[in-house]
Amino acid sequence: MEYVLSNAAVARSFTSYAASAYGVLHADAWRVHVDGLASGYDQIDPVAVLVVLLLTVCLCCSTQKSSMFNLVMTVLHIAFIFFIIIAGFVKGDTENLMQAGDAAANPSGFAPLGIRGIFNGAAVVYFSYIGFDAVSTTAEEVKNPARNMPIGVSGSVIIVTVLYTLIAVALCMLQPYDMIDTGAPFSTAFQHVVGLEWATNFIGAGASLGIMTSLLVAMLGQARYLCVLGRANIVPRWFAAVNPTTGTPINATVFLDFSVVPGACTAGIALFTDLSVLLNLISIGTLFVFYMVANALIFHRHHVPGKTDALPTAAFLTLLSVLAITFVTAWQCDKYNRHNWTLYLLGGLAVALTTLFWVKVPTAQRGKDWSVPCMPWVAAASIFLNVFLLGSVDKDSYIRFLTWTAIAVVFYLLYGVHSTHDAEALMSLDIPLKEFAFDTTSEEKYIEQKLEEGCRPIVVQVKGESPYWNQVMPPSLQSVKLAITLD
């Protein structure tokens, strides 16, 4: 859901910036207003559909070519970002950081909407983290993923955070916060800079390139997700098909990005749906998924089925979520900050609970190659923060999200559960065992060499109920090592 909707949102923002590149600064200038459609769905955006179609064709051709195209676009985009940052700090005015454009109608001062405004904004912009998540979806196409994936994700988070902060400050120095155009903020900001009015079109073109890179990566990631779900039979296996010539999941890519069913996927949603509707819905989905991942990380780290008791970990996660929900409820109800002691108490209880869990419940397992450091603190903080930001999302987005979730759960119960079981049965068909005879020393050297070349070991699970297995293996054998060629 987050990928399809975020791609639709990004595609619609492309239209606004592409228009500004031609000197047209009205956000809906290239959209077609249709009377009779509900508000938020009445601005038809054919340009967004065309850019989705273009990138879909690009992704279907080759992952390598798409990556090269993305690299070129990213380099150009970063150049535009540095231009905005430098221009903002050189030509901007620090007074704009403290003073509203219309002081009579809007509050002034640094962080004029207070801490609540900051967190409300954080909840809306949270969907941008899907971009970092997209890095993980390409793990199958990465050499030495155990080393390179953490570097890629963590490194991109650090770089983007620094750039995002600098460009936000630069924008607010160029123009007071209440005068910023939400449709194409950077292009319109340069209209008010003496001597740099020409940069309006320049920035519009640069932002359009940046939006295309963001859209390309997310569209690549969403297709990989659906392809893996297809392999597991959670969705029809047709989606797992990979084109033998291009090596891309062509069915998943075409369906998600340019479905023949109007409104079903990225292009259809981008055609009709307003950006504000999409942003809130994407954020609530992303926050919920990250909340679930943080819970799963703690549970997986501290519980091994059959070896440890799940109750202490489950109890900790439940109590932490209850404290987080209580905290955000108190925060939202106490808009005038009259009972801050409640927030301090709940925050202190969360820290004390995490400390108790950290001391009393030992780590049961860790990743062999790489694992999240400072556990359980990192994941616990993620749980608390995600619940807190969920409290900033509007009611209509919750209704849409719950409706979507209900549809997904019904589909999973009626189709996914049973088809996944069938997929597992297919994977456990009897396969004749191949006999291996090898020298241990040479085999170890061979594996070492292959790992250095970027190959990955394959883990195989063999079920003992197989009739063929029972025929060839003695009953006393409890475990067996299979020599697997790395490729």
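Keep in mind that glycine also has a Cβ here, set from the backbone N, Cα and C atoms.
Predicted automatically and left uncurated, TrEMBL annotations should be read as such.
Annotated domain 'Cationic amino acid transporter C-terminal' per TrEMBL: 370-419, in sequence order.
Here TrEMBL flags 44-62 (among others) as transmembrane segment.
If you look up TrEMBL, you'll see 69-90 (among others) marked as transmembrane segment. Outside the transmembrane segment (69-90), and at least 6 residues removed from its termini, the chain residues within Cβ reach (under 8 Å) are 58, 163, 166-167, 169-171, 173-174, 186, 190, 193, 196, 199, 202-203, 206-207, 209-210, 212-213, 216-217.
Summarising the annotation, TrEMBL assigns transmembrane segment to 110-132 (among others).
Annotated transmembrane segment per TrEMBL: 153-177 (among others), in sequence order. Remote same-chain residues near the transmembrane segment (153-177) are listed as 78, 81, 84-85, 87-89, 91-94, 96-97, 99-101, 106, 112, 131-132, 135-136, 185-186, 188-190, 192-193 (criterion: CB distance under 8 Å, separation of at least six residues from the stretch ends).
A Cβ distance under 8 Å defines the sequence-distant neighbours of the transmembrane segment (202-221), meaning residues of its chain 6+ beyond its ends; these are 3, 6-7, 10-11, 13-14, 17-22, 51-52, 55-56, 58-59, 63, 66, 69-70, 73-74, 76-77, 79-81, 83-84, 130-131, 133-134, 137-138, 184, 186-187, 190, 253, 256-257, 266. TrEMBL lists 202-221 (among others) with the feature transmembrane segment.
Per TrEMBL, transmembrane segment is recorded for 278-298 (among others).
Listed as Cβ neighbours of the transmembrane segment (310-329) (distance under 8 Å, sequence separation of 6 or more from its ends, same chain) are residues 295, 298-299, 302-303, 343, 346-347, 349-350, 353-354, 357, 360-361, 380, 383-384, 387-388, 390-391. Residues or ranges marked as transmembrane segment by TrEMBL: 310-329 (among others).
The transmembrane segment feature in TrEMBL is assigned to 341-359 (among others).
The transmembrane segment feature in TrEMBL is assigned to 371-391 (among others).
What TrEMBL records for 397-417 (among others) is transmembrane segment.
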**Asked** Could you give the mean pLDDT over the domain 'Cationic amino acid transporter C-terminal' (370-419), rounded to a whole number?
**Response** 87
**Prompt:** DSSP says what for the domain 'Cationic amino acid transporter C-terminal' (370-419): how many helix, strand, coil residues?
**Reply:** 39 helix, 0 strand, 11 coil
